[in-house]
Amino acid sequence: MFSFDNSYARLPQTFHRPARPAAARAPVLIRFNQTLAQELGLEVEGASDARLAQVLSGQVIPVGAEPLAQAYAGHQFGQFNPQLGDGRALLLGEVIDREGRRRDIQLKGSGPTAFSRNGDGMAALGPVLREYIVSEAFAALGVPATRALAAVATGEQVVRETMLPGAVLTRIAASHIRVGTFQFFAAQGDEDAVQTLADHVIDRHYPAAREAENPYLAMLTLVAERQARLIARWLSIGFIHGVMNTDNMAISGETIDFGPCAFLDEYDPRKVFSSIDQRGRYAYANQPGIGQWNIARLAECLLPLLDADEEKALEAANGVLKAFGDVFQDAWLMQFKAKLGVAGEEEDDRQLVSDFLELMHQGEADFTLTFRSLSKLAGGAAVETLTDLFTVSPPGLADWLTRWHARIDDDRTPAERQAQMEAVNPALIARNHRIEEAIAAAIYGDFSFFHRLVEALATPYAEEPDTADLRVPPTPDQRVARTFCGT
Ligand code: AMP
Ligand code: MG
């Protein structure tokens, strides 16, 4: 089924531990991502659902797999933990996809490993479905993220606050190397391992860095830039990751770990959903600052590789942190200008964007629908299409609209403007209350809404009549106040 080529398994023994998937009594395939399987070049024609469920729950180890748990450390809510690692996941192996890219095949929720500490190594059905829904929604939105190849119900019960059905997610990633992977070795003072890991990362994700005068500085710079662009993308779709610990930041620049993540309904820059983020460390608008903080932790690990002279190494690292800020600012402005339909460059553009966000905040306007409606306004729709979305109509809105109309008035036709804006302003996002609804039904064995949601989210920029109910914000009694980690 897989043509494995396992580069991570060939790294030194300190990088990983062998892992064995736990037995599952009655694995049943919930969903299999055929399109992704094709992209990965998997040979699955003729494979029955039962066979897929066996393999993708770890009951049958496919030929060539070398199941292992990866070692990593991490700052969790600012606190350093030197010993984390894959506690409920294992890397089956790596394949080279149709486009020549190396991709990890990971089973998540497949039982305890050497790094499980007190955990059971299992995943409950809810978090598995949430990750499936959101990671595939990201793919359709064009935001870099790990992918979901399959979800399998194990037939086992897992113990959380209540007993819940267990499941395994097959996660596909460019790699599962995290900021925390570097921290694991740096914290032990193992500079050789840090260098080995950095070389692996350069070969795998940043080959251009190899040509630079200082490949490690080039790598750090590229990681920082990709992360800065990624976080600008998150903000542009109203996404809150929820648990941006350094062990949940992938070196590849893909979004990873859809735990307590959530999309904004009404715009509020201080919004937090995660039940464990009591101080709002990972609030919507804090994400760029946290991204930069995490990159600083990565830079610390790499200092000995940046320059033999400590002063110079620090200077280089600080340069990267500044670059992170600059790249983020540029990317953010570019994203939001596109959302407003603004072309070219004018001095007031940043102000135009932030004034609109401020008005949305005051008027508790739904983030997604507001930008979508603004696209319609650009195409000539009545102003109420937009203003109806504001609970209170903020006094400055009319003035702002006048400024905006003047700014977008160029040689594009209204229809062209609308089409361009609608291509970057999704109509459909994975709203929290819909995810919860899909999970609630699935726990009772009804997966139909889960399937419907996944399928609808595959075309987020379209306004299909049959997905109208999925596009609207929650009613007060549908609102989800809190999201929870899968643990
Ligand atoms: P997370 O914040 O979900 O990314 O997880 C942080 C750490 O806790 C990682 O090392 C996980 O492998 C570990 N972990 C989370 N849930 C479990 C579990 N049920 N059993 C064992 N380890 C877990
Ligand atoms: Mg994690």
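Glycine too: its Cβ is placed from the backbone N, Cα and C atoms.
Just so you know, TrEMBL annotations never went through curation; they're auto-generated.
TrEMBL annotates GLY85, GLY87, ARG88, LYS108, ASP120, GLY121, ARG178, ASP257 as ATP-binding residues; of ARG101, ARG102, ARG171, the candidate listed for that same site is ARG171.
There are 24 other CB atoms within 10 A of the CB of ASP247 (active site, proton acceptor), with all protein chains counted.
Neighbour density at the Cβ, taken as the number of other Cβ atoms within 10 Å, is lowest among the binding-site residues ASP120, ASP257 for ASP120. Comparing C-alpha positions, ASN248 (Mg(2+) binding site) sits nearest to ASP257 among the binding-site residues GLY85, ARG88, ASP120, ARG171, ASP257. The Cβ of ARG88 (ATP binding site) lies under 8 Å from the Cβ of LYS108, GLY109, SER110, GLY111, PRO112, THR113, SER116, GLY119, ASP120, GLY121, MET122, ALA123, each on the same chain and at least six residues away in sequence. For the binding-site residues GLY85, ARG171, ASN248, the ranking by surrounding Cβ atoms (within 10 Å, all protein chains) places ARG171 first. For ligand 1, the neighbouring binding-site residues among ARG88, ASP120, ARG171, ASN248, ASP257 are ARG88, ASP120, ASN248, ASP257, by Cβ distance under 6 Å.
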